Every structure is written in structure tokens, then in C-alpha cells.
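Taken straight from TrEMBL:
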DOMAIN    32-123  domain 'Pirin N-terminal'
BINDING   His63, His65, His107, Glu109  Fe cation binding site
DOMAIN    177-286  domain 'Pirin C-terminal'
Amino acid sequence: MSSSSSQNFVSRSVIKKVFAKLQKEGDGAVVRRGISRSEQKLLDPFLMLDEFSVSPPAGFPDHPHRGFETVTYVLEGGITHQDFKGHKGTIYAGDVQWMTAGRGIIHSEMPEEEINKGLQLWINLSSNEKMIEPNYQELSSSDIPKAEQNGVQVKVIAGESMGIKSPVYTRTPTMFLDFTLDPGAQFHQKVPESWNAFAYVLESGEGGAVFGSSNASPVSSHNVVVFEQGNDGVSVWNKSSSKKLRFVLIAGEPLGEPVVQYGPFVMNTQAEIDMTIEDYHYGKNGFEMAKYWRSQ
Ligand code: FJE
Ligand code: FE
């Protein structure tokens with residue numbers, strides 16, 4: 001059950017810990033998959049979280065998406081994106097691309113430098129938004145609001161923290177925060193009670209990352225921690241005496257709808273997936289350019 005933090009907040013406890021195992025994806029790329037099908041029920045509206053580290057010539061060449069949003073957050077290097085509507089750009093360390101695939105996107109996502117690292121999160125769309133026009137929100141590092149208090153720094157990619165708000169419009173209500181805690185620092189982040197929430201540890205000193213309760217067992221890098229629902233939010237402690245703790249805290253309002261996934265297509269029913277495969281194959285209903293377009 002729940003436990004108190006050192007302040008007057010009651011933190012959610014950790015109910016599951018998942019180590020993000022390496023696996024192959026795209027063309028020669030390797031990702032750490034923190035959230036996959038087994039977590040989708042517990043973490044509705046989230047479908048996937050990959051921590052990628054990719055070097056040319058590996059990458060994610062031309063592929064489609066339908067029915068959800070992809071959020072790409074670059075931590076090191078750069079990722080160049082091109083799509084079948086002529087949209088093209090490169091995002092570098094600290095930049096975010098919030099892509100609404102909606103009814104259909106075909107794109108390539110390729111590394112720019114020697115070492116290219118980051119996170120890609122997939123957020124489901126509600127049934128009435130799955131077939132909307134595709135859209136992009138691109139934020140350069142300088143557009144992302146930052147705040148700091150008592151040895152805790154936050155970058156607000158989506159939602160609100162320390163009284164500052166992100167400019168990103170989230171169709172499925174979502175919070176995406178990048179926290180760095182100095183050694184010994186502690187923080188409590190409010191999260192709406194009904195939202196599902198998880199943290200993903202990017203960097204931590206030995207025994208540093210403690211979530212939910214000050215005496216909980218520490219979590220190592222490359223782990224997802226899933227929180228229970230309810231309570232005022234999430235408390236975190238950096239118990240390392242020498243190293244900073246960096247993690248992302250992601251939360252969202254559950255959609256409560258059936259999820260049928262076929263690779264990069266996520267719909268509500270098998271019939272909709274069959275229709276999507278047909279649309280992609282014949283170039284219909286948003287995939288008109290599928291027959292003609294290839295990335296450069
Ligand atoms: C994918 C084919 C793909 N994780 N992390 C099939 F290419 C992809 C895919 C990615 C991806 C891209 C980036 Cl930039 C970072 C990623 C998968 O593009 F997810 C499936 N299912
Ligand atoms: Fe993609």
C-alpha cells in the first residue's frame with residue numbers, strides 16, 4: 001500500500017519493475033524496450049517505450065504508423081526525420097518531436113551523428129481521434145520550460161511541474177517530465193489520481209534511485225517502475241552521495257478502450273486492423289502517397 005514521504009504528501013508505491021532488455025528493431029538498430037505489450041493494460045494509454053542507441057548505417061527506414069502518437073526525445077546526437085507529406089527535419093540533444101500519426105504517416109527516422117541516443121514513447125489515441133489528420137509539434141531544447149528547486153531540476157516536456165507548463169498540446173492527457181536530482185535531493189511530483197504513471201531511470205549512482213517510499217529498494221538504470229493509481233503523486237529520493245539521478249516521469253489519463261496492435265498500427269478492433277493493412281497496401285484513407293514516396 002501507500003507510504004508517506006518526508007513532506008505532507010502520500011506517494012504512490014511501486015507495483016512493478018521492468019528491466020528494459022535489448023532487442024533488435026528497424027534496420028540494424030538495437031533498442032531497450034521498457035514498455036511492451038505486457039505493460040499496456042497497466043499503463044494505458046502508453047503502448048511502448050524504447051531507449052534507443054543507434055549508429056549509422058543502422059536506423060529506422062521507411063515505415064508506417066496509424067492510430068497513436070510517437071514522442072521522440074533525443075538525449076545525444078541527432079535524428080533526421082522525413083515523411084511522405086514532405087515534412088523533414090533533424091532533432092538534436094534536448095529536442096522533442098511530438099508526432100500525431102492519426103490516420104497515417106509513412107516516415108524514416110535515421111541517425112545523424114556517430115552516437116545517437118534517446119527515448120521514443122508511443123501514446124495511444126482515443127477511438128474518435130485515431131483517424132485525424134497527422135500533426136507535428138516540434139520543440140527545440142530552448143522551447144522546453146525548465147525549473148529548479150532544492151537540488152532538483154526539471155524539464156517540462158508535457159504537462160506541468162514546479163508551477164511551469166509545457167506548450168505541447170496532448171490529445172490524450174499526458175505528463176512527460178525529465179528530472180535530475182543532485183545527490184541527497186528529494187522531490188514529490190503531483191500526478192492526477194486516476195492517471196497511470198511510470199518512471200524510467202536513465203542514470204543513477206549505486207543505490208541512488210528510490211521511488212514511492214524512502215525505505216524502498218533502489219532501482220538501477222534502464223528500469224521502468226510502474227506506480228499504483230491514486231494518492232497525491234510520486235515521491236523520489238536520490239540516495240547516492242556522489243552521483244546525480246536522472247529519470248523521466250510519464251503519466252497519462254487511461255483511455256479504457258480495447259487495444260488491437262499489429263506492429264506500427266494500433267486500433268480498437270481486428271476489423272479496423274484488417275482495414276488498415278488494406279489501406280496501407282492499396283494506398284487509401286490516408287496512405288495515398290504510400291505507392292509513390294521513398295525517403296531520400
Ligand atoms: C517500430 C519498425 C520501426 N523504436 N525508437 C517497426 F522502424 C519502428 C520504429 C522504432 C523507433 C524509432 C525511433 Cl527514432 C526510436 C524506435 C521503434 O520506428 F517501432 C516498429 N514496430
Ligand atoms: Fe516511426
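Every residue gets a Cβ built from N, Cα and C, even glycine.
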**Request:** Give the residue counts of the domain 'Pirin C-terminal' (177-286) per reduced DSSP state, in the order helix, strand, coil.
**Result:** 13 helix, 47 strand, 50 coil
**Message:** Same chain only, sequence gap of 6 or more: which residues have a CB within under 8 Å of the CB of His65 (Fe cation binding site)?
**Reply:** Met99, Ala101, Gly104, Ile105, Ile106, His107, Pro264, Phe265
**Prompt:** Looking at the binding-site residues His63, His107, which sits with the largest number of other Cβ atoms within 10 Å of its Cβ?
**Reply:** His107
**Message:** Around the C-beta of Glu109 (Fe cation binding site), how many further C-beta atoms are within 10 angstroms, looking at every protein chain?
**Reply:** 26
**Neighbourhood of ligand 1 - binding-site residues from His63, His65, His107, Glu109 with Cβ under 6 Å** = His63, Glu109
**Message:** Residues other than His63, His65, His107, Glu109 within 8 Å, Cβ to Cβ centroid, of the Fe cation site?
**Reply:** Phe60, Asp62, Pro64, Thr70, His81, Asp83, Ile105, Ile106, Ser108, Pro264
